[in-house]
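Annotation comment: Swiss-Prot describes 117, 121, 122, 123, 239, 349, 350, 351 as (6S)-5,6,7,8-tetrahydrofolate binding site, evidence class sequence analysis. The annotation site 'Plays an important role in substrate specificity' is assigned in Swiss-Prot to 225. If you look up Swiss-Prot, you'll see 226 marked as N6-(pyridoxal phosphate)lysine.
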């Protein structure tokens, strides 16, 4: 970044500081990952200069013959990965992908069945502080009080009672496999559409290590980062019968020109997801998550649902007599990055919370394996149990530094 360094020292310094943070800390935020240098190169390419309103072959600007090729590559690769009939790779985010689906099939005030945010759902699944909860009549389903797993009988009962036009499956903090086939059966029974938000698990689905929602859902939305390990962005997969409507909902419905440099980066990431080593990577994510969950439980920590089936673990910190906010802060102080998170049947404020959400996608990309998961479990427990002991926290910092120094990040940057 020689040009940036010469031209804008302040921005360069901030970027260098962030690179230093990523190199020196253990990244456990479940929604984050480390992209390849090829993905970064595509996103930083001259495609950032090109306006391309519309779709390949039907643009409102000239000079789109090369970006058309890039977008077609991205769409074709997604179809190959997930078996989708139609794909739109233009959404700038997962939230905008969800918005486009809602705009396609719903009218203001329509009833939708979605997962309670504190039970693992997402803001765009009907939270009252989000457009989805303002524009539509969302009815919430959640998890069982004992098992902390989705209660499908309750979902069916609420679907029969409220007759939603759309049912939303998928989550941002649910560590278990979701039965998409069961959701489709429920949707069919009440005459509803089914949308699956697979943002967190898309990479695991791509590798064939998690059930694929595409055969069961009318619409599937996802981000392109997280376990899929691409640039920050979104996309929509749908049945061919909804293709024109979905495309119109994205453009000109809620977006203008697509970010062609980001779509190029998406295409590169999708190409990576088609390689054999991506399946190995995804399997390592799951193996690491299971090992980390086991280690945390051996240390006496409480896990929501008792473990994990995917990349995500939700820790209930109440038995440590601290809050999620305190846990996030003290872990960050020693070099472990997590996020505070609500837990099912939460009683604390969402700014305080009773839980911490962690994930293994980023550390797996970095090369961490089972032995490192044992050390991370020990570090998390040691830090939280000694959160007011500065000598113990200093010891934890040294252990984090010793661990991260073994796995250099982005050596060419």
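Cβ atoms here come from the backbone N, Cα and C positions, even for glycine.
What you see is a predicted model, and the numbers here were worked out from it, not measured in a lab.
Swiss-Prot feature annotations superimposed on the structure.
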residue : record                                                  : DSSP (3 states)
117     : (6S)-5,6,7,8-tetrahydrofolate binding site              : helix
122     : (6S)-5,6,7,8-tetrahydrofolate binding site              : coil
225     : site 'Plays an important role in substrate specificity' : coil
239     : (6S)-5,6,7,8-tetrahydrofolate binding site              : coil
349     : (6S)-5,6,7,8-tetrahydrofolate binding site              : coil
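Looking at the residues that bind (6S)-5,6,7,8-tetrahydrofolate per the record, 117, 121, 122, 123, 239, 349, 350, 351, the two CA atoms farthest apart are separated by 40 Å. Reported as a whole number, the C-alpha separation between residue 122 ((6S)-5,6,7,8-tetrahydrofolate binding site) and residue 225 (site 'Plays an important role in substrate specificity') equals 16 Å. Within the same chain, no residue at least 6 positions away in sequence has its Cβ under 8 Å from that of residue 349 ((6S)-5,6,7,8-tetrahydrofolate binding site). Within the set of binding-site residues (117, 123), the lowest number of other Cβ atoms found within 10 Å of a Cβ is recorded at 123. Within the same chain, the residues at least 6 positions away from residue 239 ((6S)-5,6,7,8-tetrahydrofolate binding site) whose Cβ sits under 8 Å from its Cβ are 85, 86, 218, 219, listed in sequence order. In this structure the alpha carbons, written CA, of residue 225 (site 'Plays an important role in substrate specificity') and residue 123 ((6S)-5,6,7,8-tetrahydrofolate binding site) are 18 Å apart. Residue 226 (N6-(pyridoxal phosphate)lysine) is 16 Å away from residue 121 ((6S)-5,6,7,8-tetrahydrofolate binding site) when you measure Cα to Cα. Between the C-alpha atoms of residue 123 ((6S)-5,6,7,8-tetrahydrofolate binding site) and the residue listed as 'N6-(pyridoxal phosphate)lysine', the distance comes to 17 Å. The most crowded of the binding-site residues listed here (121, 350) is 121, judged by how many other CB atoms sit within 10 Å of its own CB.
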